[in-house]
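Feature annotations, courtesy of Swiss-Prot:
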- G234, P235, F236, G237, S238, G239, K240, T241: ATP binding site (BINDING)
Amino acid sequence: MPVVGKIIKIAGPVVVAEGMKGAQMYEVVKVGEEKLTGEIIQLHDDKAVIQVYEETSGIKPGEPVVGTGAPLSVELGPGMLRAMYDGIQRPLTAIEEKTGSIFIPRGVDVPALPRDIKWEFKPVVNEGDYVEEGDIIGTVDETPSIVHKILVPIGVKGKIVEIKEGKFTVEETVAVVETENGERKEITMMQKWPVRKPRPYKEKLPPEIPLITGQRVEDTFFTLAKGGTAAIPGPFGSGKTVTQHQLAKWSDADVVVYIGCGERGNEMTEVIEEFPHLEDIRTGNKLMDRTVLIANTSNMPVAAREASVYTGITIAEYFRDMGYGVLLTADSTSRWAEAMREISGRLEEMPGEEGYPAYLASRLAQFYERAGRVITLGKDNRQGFVCIVGAVSPPGGDFSEPVTSNTLRIVKVFWALDANLARRRHFPAINWLQSYSLYIDDVTEWWNTNTGPDWRQLRDEAMSLLQKEAELQEIVQLVGPDALPDRERVILEVARMLREDFLQQDAFDEVDTYCPPMKQYLMLKIIMTFYQEALKAVERGVEPAKILGVSVKQDIARMKYIPHDEFINVKSKEIMEKIKNELGSLN
C-alpha cells in the first residue's frame, strides 16, 4: 500500500507533509491534487520534507501526498539518443505533442522512452547459454552512429531459456533467464535505475589515453584524459558555452550527454538547431545521432537542477556499460550549487561559506567521482569511459568563491577562461598561465607514440616560452621592446607566434574548427624549429629585425587554415625546409 499523507507547510519548492510513516528517504511522491513530482529529502517521525520538481504555486495545506514506493529513477533503453529531456527525464517533444503547449503543464506524466515504437532486436546469444549481469544479449540499431546493446540487468544471472528476434517495444519481453534457484526472469529492452546510485563496474582503469577534442590549447597544453574530469570556470561572455559546444561537436567520444543546467534557453536552442546539421567526423553521420540533451533552463523549477545533473550522469554510465566512451558536459554546475543553496535556505539549515550548504563539497565530489575509464560488468571485459566537463560561473570571475575552489580540489584539468582574452578576440579564451592539467604525465606516452617522440619536450619548451613572455612583458611596458637583448626579442616574437598561430583557433572556420593530433604536433614543431634556428642566427650576430622579417612567418601564420592531410603530408615539410633555408642563410 502506498503511503498517503497531507501537506502541512509549503515554502517555495519545499513542502512538508505529515502522516508519512513508512515512507523512505529519496522516495518519489506525488504532491497535491495536481500530482506534482517530488522527492523526500528529510524524515522526522511521521513528517516528510519534500523537494518538488515542479512549480508549487496554487497548492495548499491539506492536499494529499502519495508515495510511489520507488526512488527517483531513469528509464534506460532504446530511444534516448536524439531525445531532449527536462531535469527528471520527461521527454519535451512528447509533452508538446500530448498537450499542445509550448510550456510544460504541471503534473503531466509522459514516459521517458516511447512505448509505441517497435525496435528491431537482434539476439547475440542462444538458448541454453549462461549469462551474467552486464552481458550483451542483443543489439538494436538505434541511430546510424550508435548500436544500442541490450544488457542483462544488474543482479540477474543464469541460463537463457528463451530468446526472441524481431520487432518489439521497450516493454515487451525479448529474453527469459532462469536463475540458479529456478526463478524465471523476463528481460525487456528497458531498465530502470535510481539516479543517485552509481552503476557498478568490474574495475577502474588509469586515465592514460587523451580525449582528443581537436582544440589545440586543450589537447596539446592541458590534456583531458578519457575518463577524466575538467572544469571550465570563467566570467560572463568569456566563452564557456561555445567551448562546451566545441567539445560536444569534436571530441572523440561515442556519445555526448549535454546538460543545460540553469542556463539560458537560447543555448539549448543553438544545440538543437546546429547539431542535426553538423557531421560527426568519425562516422560521417549527424552529431545529433550520438547526443542526449537534458534541458533544464533558468526559468524551470530550481529543485530539478540537482535532478538534471544526476539524470545525465546515470544515462552516461549506462552507455559506458555498453562499452562506449561518453562525454558529459554540465553547463553550469554553479547554477546547481545555487539551487542547493536556495533549498538549504528553505530547510533552515546552517549555512556554510557564502551561504552555500556545508555539504556542497561532498555533493560536487560525488558527482565528479562517477567519471572514469572502467572495465564494465559482463564476461567480455568491455572498456568504456565517462568524461565530465563542468562549466563554473563564478560571480565577477572570482575563482576563490566556494563552487570554483571546491571544484578545483576535485577535478584534474582546469581550463581557466579569461575575459581579457575574450575581449581581445582570442578564442578559445583559455588562459595558458592559469590553466593546468594533472594528466600530462599519464598521457605523454600516448602522444609520443602517436605523434612524435619529442612531443613532451616541445610542449614543455613552448609552455616555458609563454611563461618567459609574461615575465618580459612587464619590462617591455616600462622600456619598450627595443631595449631588450636580441635573444629576448626573439623569445617575444616566438611567444606571439605560439599565441596567435597555435593557441588561437577559429571555431567558425571549417578547417580550423578541428585540428587532429598529428597536425597539432607538426604545427608546434614548426614554431619551435623557427625558435631554435632564430637563436642560432642570433648567436651568429644577425640583427633581430632581419630574423623577424623573414617571409616564412607568413607561411607559419597560414598553416592552421591548410587542409589537414595536405599539411601533414606535404606543406609541413616544405615550411620546415623554408625555415632552415631562410634563417640559415642570414648572416
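Glycine is treated like the rest: Cβ placed from N, Cα and C.
Worth saying up front: this structure is predicted, and the values here are computed from it rather than measured.
Positions of Swiss-Prot features highlighted on the structure.
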residue : record           : Cβ contacts under 8 Å, 6 or more apart
G234    : ATP binding site : K240, A391, V392, S393, P394, G397, A416, L417, D418, A419, A429
P235    : ATP binding site : S393, P394, G396, G397, L417, A419
F236    : ATP binding site : S393, A419
G237    : ATP binding site : A419, A422
S238    : ATP binding site : G397, L417, D418, A419, L421, A422, A429
G239    : ATP binding site : L417, A422, F427, P428, A429
T241    : ATP binding site : E263, E267, D331, A391
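One way to see the shell of the ATP site is to take the Cβ centroid of G234, P235, F236, G237, S238, G239, K240, T241; the remaining same-chain residues with a Cβ within 8 Å of it are S393, L417, A419, A422, A429.
In the three-state DSSP classification, K240 (ATP binding site) falls within a helix. In the structure as shown, the Cβ atom of K240 (ATP binding site) sits within 10 Å of 23 other Cβ atoms.
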